[in-house]
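Peer 1: According to Swiss-Prot:
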COMPBIAS  164-174  compositional bias 'Polar residues'
CROSSLNK  K419  ubiquitin cross-link
DOMAIN    524-758  domain 'NR LBD'
MOD_RES   T8  phosphothreonine
MOD_RES   R23  omega-N-methylarginine
MOD_RES   S113  phosphoserine
MOD_RES   S141  phosphoserine
MOD_RES   S203  phosphoserine
MOD_RES   S211  phosphoserine
MOD_RES   S226  phosphoserine
MOD_RES   S267  phosphoserine
MOD_RES   S404  phosphoserine
MOD_RES   K492  N6-acetyllysine
MOD_RES   K494  N6-acetyllysine
MOD_RES   K495  N6-acetyllysine
REGION    1-22  region 'Disordered'
REGION    130-182  region 'Disordered'
REGION    394-415  region 'Disordered'
REGION    485-777  region 'Interaction with CLOCK'
REGION    532-697  region 'Interaction with CRY1'
ZN_FING   421-441  zinc finger
ZN_FING   457-481  zinc finger
Amino acid sequence: MDSKESLTPGKEENPSSVLTQERGNVMDFCKILRGGATLKVSVSSTSLAAASQSDSKQQRLLVDFPKGSVSNAQQPDLSKAVSLSMGLYMGETETKVMGNDLGFPQQGQISLSSGETDLQLLEESIANLNRSTSVPENPKSSASSSVSAAPKEKEFPKTHSDVSSEQQNLKGQTGSNGGNVKLYTADQSTFDILQDLEFSSGSPGKETNQSPWKSDLLIDENCLLSPLAGEEDSFLLEGNSNEDCKPLILPDTKPKIKDNGDLVLSSSSNVTLPQVKTEKEDFIELCTPGVIKQEKLSTVYCQASFPGANIIGNKMSAISIHGVSTSGGQMYHYDMNTASLSQQQDQKPIFNVIPPIPVGSENWNRCQGSGDDNLTSLGTLNFPGRTVFSNGYSSPSMRPDVSSPPSSSSTATTGPPPKLCLVCSDEASGCHYGVLTCGSCKVFFKRAVEGQHNYLCAGRNDCIIDKIRRKNCPACRYRKCLQAGMNLEARKTKKKIKGIQQATTGVSQETSENPANKTIVPATLPQLTPTLVSLLEVIEPEVLYAGYDSTVPDSTWRIMTTLNMLGGRQVIAAVKWAKAIPGFRNLHLDDQMTLLQYSWMFLMAFALGWRSYRQASSNLLCFAPDLIINEQRMTLPCMYDQCKHMLYVSSELHRLQVSYEEYLCMKTLLLLSSVPKDGLKSQELFDEIRMTYIKELGKAIVKREGNSSQNWQRFYQLTKLLDSMHEVVENLLNYCFQTFLDKTMSIEFPEMLAEIITNQLPKYSNGNIKKLLFHQK
C-alpha cells in the first residue's frame, strides 16, 4: 500500500463500539482492551491464508501455540487483529491511526461464508491461547497479556450493513505485496512493542492497570498519542467555562472558543472527546516572562504537591496531557488540579525541580503565546507578567496576612552582644572620657593624667595590653588609652553641652508657660542652634602620643623618624577633623583633597605652637606628651633651624594671648589659606565658606575684648600672624622635601605622608600655588 497515504474513515461513519458490515464480521475489542481503537475488519480465507504464510515468523514470535491445538493449515493472522485493536500500525511510520475507527483496504470481494469460516478458526485459536497463556501483567508485557482476555463467540454478533461507500473509498489502495495488509516490518516482528519504553514515574504506565493504553486518549481524526506519533501531531483538550487551565497548543493548531467557553476543535469530524482524567501527581509549568530575566534554555518544570489533588468529580477539572518523546522513547505526564488550589489557598505547595523535557517535546514548550488572545482565560499556567501564583495563592511576601516562619538556622539571642573595652578588650562599662572602656582603664587613665606620672616601658613600647596583662606595663597601657582617644577634656565638653541644653530647655519652658508671651513675639529669641565655634570645639582632635623612648640616647635620625611617624597619624586626624568642619564637605571632592594637601603642614605647625604656648609658655616644643624638644635636643645637628621657626609661632601666640575660640577660627582659616592658581572647581562656595569663618574670628575677638576700640587692631594682629605662617611653612616644607628626597639620611616616612609629599612636590616646583593673604607686603 502507499506509505504516504493515511487510512482515514469517512465522516459519516459512526464511531460506536460495535460496527456492522454487509458481507463481513464485526470484532469488538474495546470491552477488553481499554484505550485501543474499535476495529472494523473484513476477512477472507484467501487473504488470511496468504497473510499467515507470509507472516509465519511473526506468529512464532508473537505467541507459543501448543502442539496439536491448531493445525498448520491456513490460519488467520492473530497479530494483525490484536495489534489493530490496540490502535497501533507499525508498518509505516507516517500512517496515522484515527479516533475509535480503523479502516484498511482489502483486495477483491469479501464473502460472508468465508468470513464466518475464518472467524471460527480465530475463535478456536483464541480459546487455545486462554488455556495455555498465564503470564502476569507487568509494565513491559501489558499488551501481550491483553490477548488472553479475548472475547467469546457470543461477544461477536453477526449483523449486516451496506459498506459500499467504504469500498469506494478503499478501492485501489492495495500495495505491492499482493493485496495483503502487512502490519509489521521485518525488524518490528514482535508483539510486545512496549519493552523498550521506559516510563517515568508520572507516566500512565505506572498506574495500577500496568498498561499505558488503558487511559482515555485525547484524539481526533488527524492525531493519535502513540509512540509512533510524530512531532507534528496535535494535542487538543476539552475545555469549558469552569476550567482554570490553559492547554498546551502547538503552532499548527489554534483552537477557538465559543461564547459558552467551549473549545471549537480544528478537526474535520465531530467526535465527542472523553472526560479528562485526573492523575496522581501534579505538575505546574512556571513561566514568568517580564518578571525574571529570560534565558534561552530548556524549560524546567516544577512538581507541586497539593492536598486533595486527586479528587475526581469536582467541577474544576484537571489537566492531564500524555505524550511520548520521539527521540528518547520516554513517556511524560503533566497534569494540574486547580480545584485544590482554589479550595485551600493557604496551603503552600512544595516545589521540586524536574529535569527538562527531551528534545522531542520541544513543541510543547512553544505553547506560550501561540494561541489566540482569548485563550488566556482558560488557564493560569502561562500568564506573562504575573508575580503571584494563580487561583488566589500568592507568595508570602505579597500577602500581608501571612507571615513567613522564622528560619530554623537562626539562633535565639537573649540580648545584644557585650561591648568590649577599646584598651584591654575587657567588658566595657560605658563611655568614659570619650571612649568605650571598662572601669579599670577609666580609673587608670584619670590617675595617670592627674598624677602626671612619667611612665617608662621596660620593653620596646609594644607590650600586649589585655585583661590579664594590662597591669604589667603602665606606659604601654597609657599609650593605648591615648591612641584610643581618651581625653579628660571630653568629659568637660560633654558636661558643657549638657548644661547648655538644660539652660535652653529651661528658657523655652519659661517662655511657653508665660501667658503674656503667647501673643507677643519677644524682641530677641534665645540661641537654640549651636554656634560654629562651639562645633569647632567638639570636633577638635585629641592629643596623640609619639611613643618615643626617652631612656635611649637621643639622635637626629631617631627624633626625625619619630616625628614623621607622629606626623602621619596627625595627618589622618586632620583629615577627619576637616571632614567634620561645617561646610567643608559641601565642596567638590577634588577641592577637599587639594586643600588638605596644601595645608597639612600649616595645621601641624599651628597646633604645635598652640600646645607649646599652653603647656610650656613657648619655651619648649611639645610635639606630644611623651616627646618634648627642649634646648638640649635643639642643639642636635639639623634641628635648631627648624625648631626656631616653630618656636616663632608659639611665641606669637603667647605674645598676643590668643584665646581658644580665636585659635579654632584661625586654624580653620589656615585650612583655607592656599589654593591652586587655576582656582577650585567649587570656587564660589569656597569663598563663601572662608568669609563665614573670617566673620567667626571677628565674633571671637568681640567676645574676648568686648565692644572696645581695639577690636580692629586685634583683628589686624591675628590676620598678620596668619600671613606669617606662609613663610614658616615654606621653610619647614623645604626641609621636609629635602629629607624625603635624600635617601642617604635614611629617615622613614609613613605611607600616607609619603603619598602627600609625592603629590605636593611637583606643584611647589612649578609654582602652582596661590597664597590667600590678608595684607599686602
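Any Cβ shown, glycine's included, is placed from N, Cα and C.
How about a rundown of where these features are and what they're close to?
Peer 2: Sequence-distant contacts of K419 (ubiquitin cross-link), defined by Cβ-Cβ distance under 8 angstroms and a gap of at least six in the same chain, are E427, A428, L436. Secondary structure from DSSP puts K419 (ubiquitin cross-link) in coil.
Mean pLDDT for the domain 'NR LBD' (524-758) in the predicted structure: 89.
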Peer 1: For a three-state summary based on DSSP, what are the helix, strand and coil counts in the zinc finger (457-481)?
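Peer 2: Residue counts for the zinc finger (457-481) by secondary structure: 8 helix, 0 strand, 17 coil.
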